[in-house]
């Protein structure tokens, strides 16, 4: 079984409409959509926004449905200047940009007793790249950073780039999903479409281009599931 997680309704609606033999299951105020997509058994959920919401949803998904892997779909703000709205970013690793336990000898972004970064599954990365190349999307792979703030000012963006110069994009859930998968020893991949440029116009751009980003990220997941 393939687990699929998106934070917002727009990020899961397209995939939900493609699922056949759909069964809707409610667990602890989290809605799960179970069925088949490209003849693969899938379980899809809209987790809600932020690290705690998505950690709860991911844990419920894993404990209740026992997926073989997790795919995270959705949108992100670009931190790398080579990325534009509608482009695709595939994580090779993820990290928190808002965790700081350096007083105890940990790296910036590292949760105590956890890795500094969480590494995505290499096989899933290759499959995602193949799916992207088939459709000729503009895509990059690299570090995605997560935190419980929407990055909507130039100052926020500059702070993250200072602390994490390799970061390609920022969003609010991916690293919490990755940490949960790490705890359960489950492979994961993060695929995000760029909805904004994480700058002073990010709020306006996000609202305008969320649908475009949702379509692009859903298409990537759809193609990826075909190849798994």
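Placement of Cβ uses the backbone N, Cα and C atoms for every residue, glycine included.
Listed in Swiss-Prot:
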type: ACT_SITE; residues: 11; note: active site, proton acceptor
type: ACT_SITE; residues: 196; note: active site, proton donor
type: BINDING; residues: 77, 151, 172, 173; note: substrate binding site
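Where Swiss-Prot records a feature, it is marked here on the structure.
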residue: 11; record: active site, proton acceptor; contacts (Cβ under 8 Å, 6+ apart): 46, 73, 74, 75, 214, 217, 218
residue: 172; record: substrate binding site; contacts (Cβ under 8 Å, 6+ apart): 7, 49, 50, 51, 146, 147, 148, 149, 150
residue: 173; record: substrate binding site; contacts (Cβ under 8 Å, 6+ apart): 5, 7, 47, 49, 50, 51, 53, 54, 72, 74, 146
Starting from the Cβ of residue 196 (active site, proton donor), draw a 10 Å sphere and report how many other Cβ atoms land inside it.
25
For residue 151 (substrate binding site) and the residue listed as 'active site, proton donor', what Cα-Cα distance in Å is obtained after rounding to a whole number?
9
Largest inter-residue Cα distance among 77, 151, 172, 173 [record-listed substrate binders, Å]:
13
What other residues of this chain sit with their CB within 8 A of the center of the CB atoms of 77, 151, 172, 173, the recorded substrate site?
76, 146, 147, 149, 150, 170, 171
Is it possible to get the count of other C-beta atoms within 10 angstroms of the C-beta of residue 77 (substrate binding site)?
26
What is the Cβ neighbour count of residue 151 (substrate binding site) at a 10 Å cut-off, with all protein chains included?
27
What does DSSP call residue 11 (active site, proton acceptor) in the simple three-state scheme?
helix
